[in-house]
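I have placed the structure first, in the form of structure tokens, so that the comments after it can refer back to it.
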Amino acid sequence: MIPKSIGASSSESGVAEMRRLIARHKTWDWLFGLLGTLALLFATLVFAALFGQMLINGTPQLSWEFFTSFPSRRAASAGILSAWVGTILVMLVTAVVAVPLGIGAGIYLEEYARKNLLTDIIEINVTNLAGVPSIIYGLLALGLFVYQFGLGQSIAAAGLTLALLILPVVIVATREAIRTIPQNIREGAYACGSSKWQVVSHHIIPYSLPGIMTGVIIGLARAIGETAPIITIGALTFIAFLPPSPFSNPEQLISFEWLLAPFTVMPIQMFNWISRPEEAFQANAAAAGLVLLLMTLSMNALAIWIRYHFRKKIKW
Amino acid sequence: MMSSILPLKHPPGTLAETPGALPQGWSAARLRRRLAERAIETLLMLAALVSVFTTAAIVAILVWESVVFFRTVPLLDFLTDTQWTPLFDDAHFGIIALLSGTLTTTIVALLVAVPLGTILAIYLSEFAPFRVREVAKPFLELLGGIPTIVYGYFALLFVTPVLQKIYPELPGFNMLSAGLVMGIMIIPYVSSLSEDAMRAVPMHMREASYAMGATRLQTAVFVVTPAALSGLASSYILGISRAVGETMVVAIAAGMQPNFSFNPTEPAATITAYIVQVALGDLPHGSIGYQTIFAAGLTLLLITLVFNILGHFLRKRFREAY
């Protein structure tokens, strides 16, 4: 890096050489800046190609009928009614299970857990679970929920599987959100005579809510797009009906029959259409992919927005 | 964990335990609240323990079904046979035929994700103006949020046709296109972890380097990168773990035929693709075909576990360095 002639820098040629060296290194700097920009540009182009290709192939299929029709043997009249209804119901189960469990676990680890072996085991577990491939959760669900618990290929089995899958995401987000709350908030509340749960429920949970919400939304956005675990529980079937409505039984206010109903979800429907050899179905796949992409991207964008918005607002 | 500094509990023998010293009714209310507090803590602990139960259940199910499988198929055959044809009459159970597919797609993915991810990380952490970073980071995050099935569709119906224009003999299903797309998919993952590692390098090291007359690139390459090396390595390793466990892209774009080959232009099945293929069929519960997916799953879990532990260890090291 250092020019050999630095000792002779008093001479004119030494200064000139130094200038050349600086200029050369500045050029390298500039070239790397260009490389970085090109890499970003590449990522943008890939996204544009991905989105554009789906848009071109899928838009002709996107119509009101596409959302209100069942899948069909004829590509032109096939729709995603059972898929989007299934996705919403599965997500409902996932959220109902994963949100309280994840937030509870996060609060426990940050506020309650003592530094002992059990806590260490739980922490290592959460880290490890976050790295387990999603298809392994599918195998767990196949062995446990489908056969041991006898839930079959139902909405409940799929919802539980995805809940376990996103649990680490919710736990980690909860913990990170709680960690940003300064200690003096807790001390102030304790000084006023609060019990631990009062501190947690009146202060910790409300203040960490934006962070928790971000994690929950990102987790659910991931769950919406997950295909492998649901295929693994054997749910790739032709579903041309809706699960029973929760209000169908006049004797009960809300019936939970739909939990055990067979179902399909958006990514499964898309996979089904991709794997058909006929080209017409690929247009359906593109349209379904477009809807799925918009669902996950808008959820992710919402999460990012919440994070940026509240980060600016909170000043401790 | 942090709150343990606070003197929450009264010393034993005070207040609640000595009701005589308190007004009437005081201690009952206090006792009730104590019990409620204890119940809440237990509930929260149970929520935290769900993750432990999940891990235990995963290991139990995979090991249980695999034990049955290995009673029929000797472990040695499983590890040395080069054919994987469990559903044929002439059944072979050589996991190597699936591992070769997993390895090849993973290497192709890494050839894309490591250079691009590293360049993006260095650029975003050391070079990019504030404005660019504020836009680029959420954008990369969005890319990471795209469902894998969409990437699978992209690989099969966009990347493969494009590659076929360059190289006409390329079959419709091939590991190259699956690997390339998988690499693109894990770029955001590698770049964000690498950038975190580079951001963790203290500012004074950069300032010292600039004070010596180094340029940005020299500082980035000779000061920041070595200091963040274990963090970078951990991001690559966690990227490998993602690529090994990735399912839909390879299942859609690389075909589902087990093929003992390291040639990326050939179709082949990975471990994950095989599990999908079996799940698509109608295998009866308890048959040997059904058990194979658990043996394959156990293999997959062990591989990702090794990488995850290694990555976790390296991450811890870079966190403790400063």
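Cβ coordinates are placed from backbone N, Cα and C, and glycine is handled just like the others.
Unlike curated entries, TrEMBL annotations are predicted automatically.
What TrEMBL annotates here:
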{"type": "TRANSMEM", "residues": "A:28-56", "note": "transmembrane segment"}
{"type": "TRANSMEM", "residues": "A:76-109", "note": "transmembrane segment"}
{"type": "DOMAIN", "residues": "A:84-303", "note": "domain 'ABC transmembrane type-1'"}
{"type": "TRANSMEM", "residues": "A:129-149", "note": "transmembrane segment"}
{"type": "TRANSMEM", "residues": "A:155-174", "note": "transmembrane segment"}
{"type": "TRANSMEM", "residues": "A:204-221", "note": "transmembrane segment"}
{"type": "TRANSMEM", "residues": "A:227-244", "note": "transmembrane segment"}
{"type": "TRANSMEM", "residues": "A:256-274", "note": "transmembrane segment"}
{"type": "TRANSMEM", "residues": "A:286-306", "note": "transmembrane segment"}
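In summary, the transmembrane segment (A:204-221) lies against the transmembrane segment (A:286-306): three or more C-beta pairs, each 6 or more positions apart in sequence, are under 8 Å. As a quick check, the transmembrane segment (A:129-149) and the transmembrane segment (A:227-244) clear the bar of 3 or more Cβ pairs under 8 A, pairs 6 or more apart, so the two touch. Beyond its flanks by at least six residues, the transmembrane segment (A:28-56) meets 286, 289-290, 293 of its own chain at Cβ-Cβ distances under 8 Å.
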